[in-house]
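**Student:** My questions will all concern the structure given below.
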Amino acid sequence: MTVQTFYLIGEKERSTRELDVGDPKTVNALRQGLAEVFNILSAEGIDFHDCHGPISTIESILRSESVGITVNGHPVRYPQQPQGIPIFGNHFEIYPDHLGNHERLFNKYGSVIRTNNMGRVTYLTNDPDIAALAFRDNDYFTKAPSSASHPLYGIRDQTALFLCDTESPAWKEAHKFIPPSMTPRAVRHYTPLLQQSVDTVFNVLDKFDNNGQAFNVYHLTAKLASQVICQLVLGVDLHHFDAVDSPVHPIIVLLQRYLTLNRRVQTKGAWYSYLPFGDPVALKNTRRELYGLIEEAVITCQKKNGGTTGDLPIQTAALHATCLVDYLARATDEHGNKLRHEYILSNTLALVGAGFVTSSAFLSWLIYSLVEYPGQQDRLLQELVDHGAVSDKRWTYDEIQALPFLDAFVKEAQRMHSPSFQPARNVKKDIILPGGWALPQGSILIPSIPHLHHHTAYWENPDRFDPDRWRTEKVKNRHRSVYVPFAAGPRSCIGFNVALQEVKISLAELVYRYEFVNATNEGIEYDPDFIVIRPVNFYVRAIRRTEWPARSP
């Protein structure tokens, strides 16, 4: 038996332990064992010290009186936060510009920061090594919106794939049925439906052009994204573009209100959510009303398709379904089981909600990138012409995937202007992260997507819009977690194939038909009270094209 005393430098009194280390053959084997004992998530970062300084051999470690441990050259340390004020904590240090202020705090305090927002404590990181660990669902991290500090707590639903805890019984069942509806094969089947939905916007854009009228881009893309997603999920035409002033469908009105109210409640202390008036009550009432409308839509869709369709194997059902609700009603696993009705209802809402909010904001930023960065719109138009675009072109999935500049443009826009920013994960144990950062059990860690995407250590000139960077070996061989627009791991976005095909078809159709011109007379602002980053005051004109470039030689 070989016993040695180990402790974490920076926390010697609390962490000192006498451990039987057996007969370790290598320093790396000892590191692995100690990482498990102390919940250090980067065993390779462990270094050893005695009273004289660093030690690096098994012999020196075992003969020392006691051995201190550092992680990646750092003692154990706790993330810092700005000095708060009573009741409000750091609220006014962060909002309204939470993107800019979190960047400032990363620069000041390091790669993991702590914020106290009216009593609600959250940790954020811009370190891709830490993000990669957080996105794993294992003994140390999970996704649990049922935790009161989680950003999705106000809209949690233990029967919905996106909104339930990983440990919820529904997650395993829903995860079995829903992802097959979003595979590349399935998206290939849905591509004509996506294009048909996108093309409905032409009626309104032509009228804007005839009147010489600029428009608020997010107002338009919110209508467009919801038109597309409701056609895809529910098989219903929202008639958003029958006329310039066509009203937004009640489902979408309620959905936007629901998500805004949740953000308002979750960016304040837990106490705020218990108030018997104001936003917390409105959130509950909106939830009830929204679920009612979704249930009506699901039942209507099932009745419409129920008389002429039959059950299909789960792996091929999406290739024959008219929409995702039709798929969920028909998909059958190897045991003849189907997704239960209550799961269909909640996951339909989750699919509509997640698909709408992300795509609507991202489409806005894509149009922003067309008009803000010189030459990009012309390059994209040229590529479309070179690949056979015409006014009545019916794009296939493979044709859209074969447009390299379109792909690079979308990637770069998503890097520069990611609408998603808070893929929160729950810490299951007291842990020590790379860099020696200690987080307590029960805390919330958010890998901050915008700050990962702009990290100067991993991106050359990160504030420069450069689609060509995606052709370089440096970017092709980048750290896997420095670009995570759809998060990563088992709880990543399952709809990314659909989302990317939707925005690519939208760009192909819109850029071929219209030239977009910036009509904004002030700096672009984003909405701090929404669940994604969306521009609120961005205006453009869409001018109908009358001529196109010749094909490249």
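Going from the start of the chain as shown, residues are counted 1 onward.
Including glycine, each Cβ sits where the backbone N, Cα and C put it.
Straight from Swiss-Prot, here's the annotation block:
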BINDING   CYS493  heme binding site
CARBOHYD  ASN518  N-linked glycosylation site
TRANSMEM  351-371  transmembrane segment
**Student:** What is the number of other Cβ atoms found within 10 Å of the Cβ of the residue listed as 'N-linked glycosylation site'?
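**Tutor:** So the number of other Cβ atoms within 10 Å of the residue listed as 'N-linked glycosylation site' is 17.
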**Student:** Between the Cα atoms of the residue listed as 'heme binding site' and the residue listed as 'N-linked glycosylation site', find the distance and write it as a whole number of Å.
**Tutor:** 32
**Student:** What does DSSP assign the residue listed as 'N-linked glycosylation site', in three states?
**Tutor:** strand
